[in-house]
Structures are given as C-alpha cells and as structure tokens.
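To keep things clear, I will list the structure first and then write my remarks on it.
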Amino acid sequence: MEFKDTLNLPQTEFPMKGNLPNKEPEILSFWEKINLYQKLREDRKGKDKYILHDGPPYANGHIHIGHALNKILKDILVKYQSMKGKDAPFVPGWDCHGLPIEQQVEKELKEKKIKKEDLSKSEFRKLCREYALKFVNIQKEEFKRLGIIGNWEKPYLTMRPSYQAQEVLELGRVFNKGVAYRGKKPVYWCIYDKTAEAEAEIEYYDKKDPSIYVKFKMKDSDDTYLVIWTTTPWTLPANLGVMVHPEFDYVYFKTGKGTLIVAKELLENFKEKTGLNGEVIKQVKGKDLEFKEYYHPFIDRVSKVYLSEFVELGTGTGLVHMAPGHGQEDYIIGQRYGVDAFAPVDDEGRFIQEAPDWLKGIRVFDANDLIIEKLQEVDALIYKEVISHSYPHCWRCKNPVIFRATPQWFISMEAKVNENQTLREAALKEIERVKWIPYYGQNRIKSMVENRPDWCISRQRSWGVPITVFYCENCGEIVKDMEVFEHVANLIKNDEFGADIWFEKLVKELLPEGYKCKKCGGQEFKKEEDILDVWFDSGVSHAAVLKYGEWEELRWPADMYLEGSDQHRGWFQSSLLESVASYNRAPYDTVLTHGFTLDEKGRKMSKSAGNVVAPEKVIKEYGADILRLWVVTEDYTEDIKIGFNLIKRIAEDYRKIRNTFRYFLGNLYDFNPNQDYVPYENLLEIDRWMLSKLQNIIQIADKSYEEGKFHKIYHTIKNFVIVDLSAIYLDILKDRLYVYAPKSLERKSAQTVLWELLLSLNKILAPIISFTAEEVWQYVRKIDSNIKESIHLEIMPVVNEKFIDKNLEETYEKLLEVRDDILKAIEEARKQDLVRHPYEARVILKLPKEYKEIVEKRLDWIKFFFTVSQVELSDNPEGDVVINGESVKDSVIAVSKAKGEKCPRCWIYDESVGRNGQPVCDRCKIQLEIMNIKLEELA
C-alpha cells in the first residue's frame, strides 16, 4: 500500500468539463419526462401566487439575442419566486397578427407568381395564420432550448379564436364606456404599407429635407408678408392658417423683399440665415395678429392667423404654417377655430384632385422640388437649404411616414372612464401607484401619457382582429351595443378559424337574429372593414389571458411586466390604457425594464455591420448556461454588451464555478447527511466562520433577487467562489479532508460545511445556470435520495441566524490580513529559491497586540490556516527573508526553511518525521492508527 492510498482523495463522476451543448438537451428531456412545469403547479398549489405576464414576441423569424435576454430575465425571476415557495406559473405568448406577416406572405405569393388580389380575404388570412404558426413553433423550441420553464403545451396566441373573442369583448367595453369614437384627424401614415401606424411603431432616423422660408402676402397690405419656415414643403397645398404665440413679440421688418413679419427673438437669426438687411418699423404681440388674413402663395385661397400655445422660439420665424390635415398640433388648433382637417393626399401619398393640377398623382416627397420651384416662380421663396434632421420612419419598411388626416377609430384620452377622471388622468394616477424598476421608467411613461394624442386603433389591412361594429344603412347610426359584441365574440370563439367569420359571413349572419337599429328600427346594416391595431391585440392580453383566459393557474392583475425599455411607448402603455379604460386599474403592480443588446464595442447590432451575435451560435459553441450567465454579468437595466470575447471570459468564470461544485461533490462521496452532519456547536471554528460567511451570501442573493439586481448575485458569488472559497477556505480544507480519518470530527466538520455550501450555492444559482444546477442536483441526490427530484422544485436557502457570528468574521478578517502578508513573504522566499512550496516554510511573526492575541489563541493549528509547516511568535523575528507587513501595520514576517523532514503522507514538515525510524509525522501516525493501518504495511 502506498501513502496516497491512505488519503481521502476526492471521488466523483461529475465531469470537470461541462460539455453543455450536448449535456443540456439531456436535461431538457429529463424536465419533460418528469413534466416539471406541471409538477411545480401541483407542488405549489394553494401557495401565494406570483404572476409575471409574458409580453408576446412577434411570430416572425428566429429569436435574436434581445429575445434571449428578455426571456432569460423572466425565467430567472419566475424560478426565483417559485423557489421562494410561491406558485409562479409562466404562460408564454405570441403576437400573431400584423403587417410584417402580411408582407412575408405577399413575398411568398410573389415568388409563386400568385397575386394577392386573386385570393379572398379568408384565403389570405389562412396563409398568414400558417406563417405565424410556423414561427410560433420554431421560436417555442428555441426558447425551450434556453432552459425557459413554462406552459409550452398551452401558450397564448393572439390569433386563437378564444383570444380574439375576448378582444372583441374588450373592444365592446371600451365602446360602451364611451371611450372609442370615429373621427378624421392626422395620424402617422405609411404611404408604402398604406396603413395608419401607432406611435409605438415609429422609429426615428436622420433624413435630408429642404428647409425653406416662405412669405405669405397679407390681405390688408400691399407689401407686408407673414414669414413661415418649414421642412415639409409638400404640406403647403394643405395650408389653412398661420399660427403665432399670443404672448410673443413680433416685428415688422422692412426689407428689399417687402415688410416681413417674424418673431422679435428670432430676427437676428433670420437676418443671418437669409442675408436680408432692413429696419424694424413696428412691434406687436402675437395676439394682435389673430384673424389677420393672408393669401396662399400659389392657390386661390385666403386664410387667417390663429393663436397657438404650441409655437416655440427654437428655430424658424415664430410663425408656423398650419395644415390641420398633416399635423397633430395644427389639428388641435384647427379644431379650436373650426378649421377642417384638409389632407389632399391619398393612401399612397399621392396628391388628389383637391390639390393643384400640376401636383395631381405626384407622391408627397417627390413634390417638394416642384413646390419650391413654384414658390420661386411666384416670388414667395425667401431662402432655401437642405438640412439633416431626425424624422419618423415606419418600423417595418424603414421608409419615412407622413401625418395624414383620415377617418379612423380612436380611443379618446379625454373621455371620462369614471365619475372623476378622464382616461389620461386615470392612467397617470395608476402610473404613480405602480412600482417602476428602474425608477426613472415612471417619468418616461408619465411624460408620454401626459403628451400623447388619442390612440388610433384602426388599421386598413387584412391580417388582424376586425373592429366589430356595424353601420345602419338607413340612418348611419353606429351599432355598438354590448349584446352585439357578445354575439359576435361568441361566433368567433366557436369557429375553428375565429375572426375569419367576420370576412366570410353576411352581415345578417353576424348580427343577433331579428336585430333592429335602436335609432330608426332599420334592419339593413353594413360592417366595418378596418381591423384593430396590433397594439390593441397585445394590449388586451391582461384580460384575454389573466382575467378571463383558460389558464386556471393565472390571476389578474399581474405582479410583474418585464420588457425592453422601448415598451414604455408600446405594450406597457397599450395595456395600461386598455385596462384603465375597461377596469379603472393598471394590469400590473410592478414594471421592470431592460436595455438593449450592443456589440462588445457598444455599437448597435446589424447584419450590415456583421456584429450580430445569434443565440443559436452561442448555445452551439458554449451552451445555454453561458448565455444565461451573460444576462446577469451586467446591470441589464442599462444597455448590455455581448460578443465572443466577452462570452469566452464568462465561460472561464463558469468553469471556476463548476469546478467548485466538483470540489464539493468530490469531497462528499462518503458523507451521509443523516448520519454524519455535525451540529453547529461541535464544528471547528474555521468551519463556523465559513458558515457565517455563507449566511451573508444567502442574504445578499435574496435581497438582490427581490430587487431584480441579478448582476449583484453574479458578482457576489463569483468573488465568493474565486476568493473566499478557492483561494482560501477550500485550499486550507484540502489538508483536513485528505489527511484525517474518514469518520474523524475534523473531516466531518469540514464535510458538513461543504454540504451546506453545496446546497445553498446550487439553489441560489439554479434560476441563473439552470442546466448546471440540475446536473449538480442529480449528483447531490446520490448523496441524499430524500431530496426533491429536481432542483427547481426546491426552496431557496434562508438565513440561519444561529450560524451568524459577526465577531468570528471580524477575527478571521484579521487572520486573513496576516495571511496576506505571510503569502507575500513566502513569494519573496520563492523568488530567492529558498522555498518552492509554502509547506517548506517556517514563519516567525511579530504582530501588534490585537493580532498577536488572536494568533496566540490558535497557535496549535494556525499553521494549517496559513498553509505553512510552522508558525511562531516573536518580538524580534529573524529568518532568511524578513519583510514588514503591508496588510497589518507594525508587523514583521520572517521566513526560514521549515524544521524537520517532509511527511510523505501529508507533505507537512515536522521534526517527528524520521524520529526513531517513524516514516510519517505524529499527526499522520495517529490518523493511520484510527484507520487500523499499520506503518509497516506502507511503502
């Protein structure tokens, strides 16, 4: 027998290498086999619920890194709440309607040389449904591969008949509250997709446009002109007024081009820009100009000056050309003065017959140059240049949009939703009540809701939920009775293809039998052809899924909505407005937002830049747990960087965490927690110190999970594993675990704490590195078969007050300071070739009183803490290397060669080795006797 055969060396089959790309699918199969999601529901039945409502991703294309970030964050939170003992179900969902799917289907039809016009609406909708379902199934598998646990068997889809039916009922509630109305007002309009757009569908990009100063001749004076500035010359045919601020000062500036009226504060800027010189001959207040008349420069039309609080003095002239059909603020002022929302432009952005002949059929952006030429021709152009400015674009086709007044359905922000409040007021009140993480999200959504226009909910497309209202053919009355909405909702719910029936059935088949107009008694009706905005689709998910849905595990309202910060103007807002309109309450209590993903250099990702990181690639190379770990490396409330150099570093951190678990398992192969667990009071002091440290970790982790600060958990555990454990405690422990007899108190005390560390750290990390935690857990079950069959069925560790010993922690902080100085002295001795290993060292210490007393009390075993062979205290230390301590002031550390010979079993140098022919040190001799091993049996 060799000496190494007498040591308790680690034994485990837990692999050093994770091989996650191959291992993780096995764990997924295990979760499916045991039906983990259902088991969790059974296990947590009757417990307090925690509902995180999933904001539905769009069913188009493969998932990208932003999807992965979002779903992993949700999964971490849900798993944590579940491991806190709550019933935390997760029902994933998909947004299935909308223009991008229509465009993809149209593209596929084009490839097959089929015209969309040759298909009925139902046939086209069927193709859209199939396309959406294909990507729901693709994305479902991709999300599952990330380790997301949820009700994948029964997700919610906005195109399901039951969902569409509930959406129709929600629409009915909104109508019956008097919040919805039909009106003609300017909305964002995409001239390429030929549909209205929501504010949330708008993206801003830089665009080059003409910037022109134009003079409008005053009616009451031969040579006096109002001067306006615009970057949209194409809107001039729709000009029906000029707006001035009532309180601003305006001057009459006499020049060679006539007397020009501009804001006093902008005169110098105007002179500099145009190069015009002259003199101010008169000054008036804006309110003095109200109702003054002027001639349109190229259309035979007289219009007036109106007062507007929206006029600003940032740029231009302080006089704003007013086209109520092409601007939100223009429209508001137009309504105030009874001016029509005139927009002589069709769905494709082409001028129609109400425009001058020379513009008919021309697209708006192409008309700019023609209009500028005309202004020059009639001597109305004062100055022109080209500027680059931020301009709204369609998020789908990336083309610039216009404001265009068209008949649409709106949800009014000023309609009363209860006795005391308008929708805007009630929504703002709820914003105050809801908790926003990070806190500045509250101000963001608050300012958006304060300033937003009425919500345009109608779209002129095919693939969506219809606006289920009827019009009386006899008197024009809009039919919006709740009984009609309920009747249509019932038809949709019970039809295999849901809302398709609206486009297939005759009007009389959609109305209740014998239905008559409440106003005139007429029985002839026509149905609305527009569909609902997709933001209304997803905005009613709180009702269609949580409140009235078919998932008994859910409840309304949600505890948490968690999405990207762009959803303050998207899903958070549409859900808030719909819920407040219908139920006078926000559908959520807390809203948490994350930032966007950037490349390693902090740049936006794009295919053209070649810096896109696909989740699939990371998973294939490194595994999903590395991606999950990436999510918690930084504060995700800010933008978060990703790239393969970063992923490599995270994989290295993962390796250290994994090897720590391997250390635990390897040294617990003979530990039976039911028999070998050492009571706290019998533990060795250093083990009690580590238990106290562990309680701090549990406390920080719990607080950080509660606050959603997952990066704090990652950095806390990373430092604990690399510094406190690997570099200190586990390093010190090796001697005791390997050398002492298997059943000795010294070894069992260490194993007891390793067991506590293993259970606690694995549970804390389970929501984050879910696959690895499960893999570790299955090895833990070999040690204790009584524990739950999955780590995710377990409960988070709680702080054990009995284990907290702050005095002991302070004592060990001081011992660690001494240890730091000793290691520096040994490193110096190593450089001088005096020692190769710390065990070869004898250390003599001179310490200040407080430190000396601490070491003196522990002198019989402190050498193991310092990982040297001998430790002595002296007021005058001498040795081969002598240094002054840095961590402990007024300390001196001397290092010499250790006395005695090296024990071949424990490698510590001791004077008992070789004495009277004894081959090992006294300590090893005692341990071997306990183990019934005779010295003569050893080689």
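Backbone N, Cα and C define each Cβ position, glycine as well.
The motif ''HIGH' region' feature in Swiss-Prot is assigned to 57-67. The L-isoleucyl-5'-AMP binding site annotation in Swiss-Prot covers GLU563. Per Swiss-Prot, the feature motif ''KMSKS' region' maps to 604-608. Per Swiss-Prot, ATP binding site is recorded for LYS607. According to Swiss-Prot, the Zn(2+) binding site annotation covers CYS903, CYS906, CYS921, CYS924.
For the pair CYS924 (Zn(2+) binding site) and LYS607 (ATP binding site), the Cα-Cα distance reads 65 Å. Broken down with DSSP, the motif ''KMSKS' region' (604-608) shows 0 helix, 1 strand, 4 coil. Each residue of the motif ''HIGH' region' (57-67) gets a DSSP state, and the totals for helix, strand and coil are 3 helix, 1 strand, 7 coil. Between the CA atoms of GLU563 (L-isoleucyl-5'-AMP binding site) and LYS607 (ATP binding site) there is a gap of 23 Å, rounded to the nearest whole number.
Mean pLDDT, taken over the motif ''HIGH' region' (57-67), works out to 93 on the 0 to 100 scale. Around the Cβ of GLU563 (L-isoleucyl-5'-AMP binding site), the number of neighbouring Cβ atoms within 10 Å comes to 20.
When secondary structure is read from DSSP and collapsed to three states, CYS924 (Zn(2+) binding site) falls in the helix class. Around CYS906 (Zn(2+) binding site), the same-chain residues six or more apart in sequence whose CB sits under 8 Å from its CB are ASP735, TYR738, VAL739, VAL920, CYS921, ARG923, CYS924, listed in sequence order.
LYS607 (ATP binding site) sits 63 Å from CYS903 (Zn(2+) binding site), counting Cα to Cα. Under the three-state DSSP scheme, GLU563 (L-isoleucyl-5'-AMP binding site) falls in the strand class. Long-range Cβ neighbours of CYS903 (Zn(2+) binding site) (same chain, at least 6 residues apart, Cβ-Cβ under 8 Å): TYR909, ASP910, VAL913, VAL920, CYS921, ARG923, CYS924. Other residues of the same chain near the Zn(2+) site, with their Cβ within 8 Å of the Cβ centroid of CYS903, CYS906, CYS921, CYS924, are VAL739, PRO904, ARG905, TRP907, ILE908, ASP910, VAL913, VAL920, ASP922, ARG923, LYS925. All protein chains considered, the CB of CYS924 (Zn(2+) binding site) has 25 other CB atoms within 10 Å.
Its Cβ placed at the centre, the residue listed as 'ATP binding site' has 7 other Cβ atoms within 10 Å. Around CYS921 (Zn(2+) binding site), a 10 Å sphere centred on its CB holds 27 further CB atoms from the protein chains shown.
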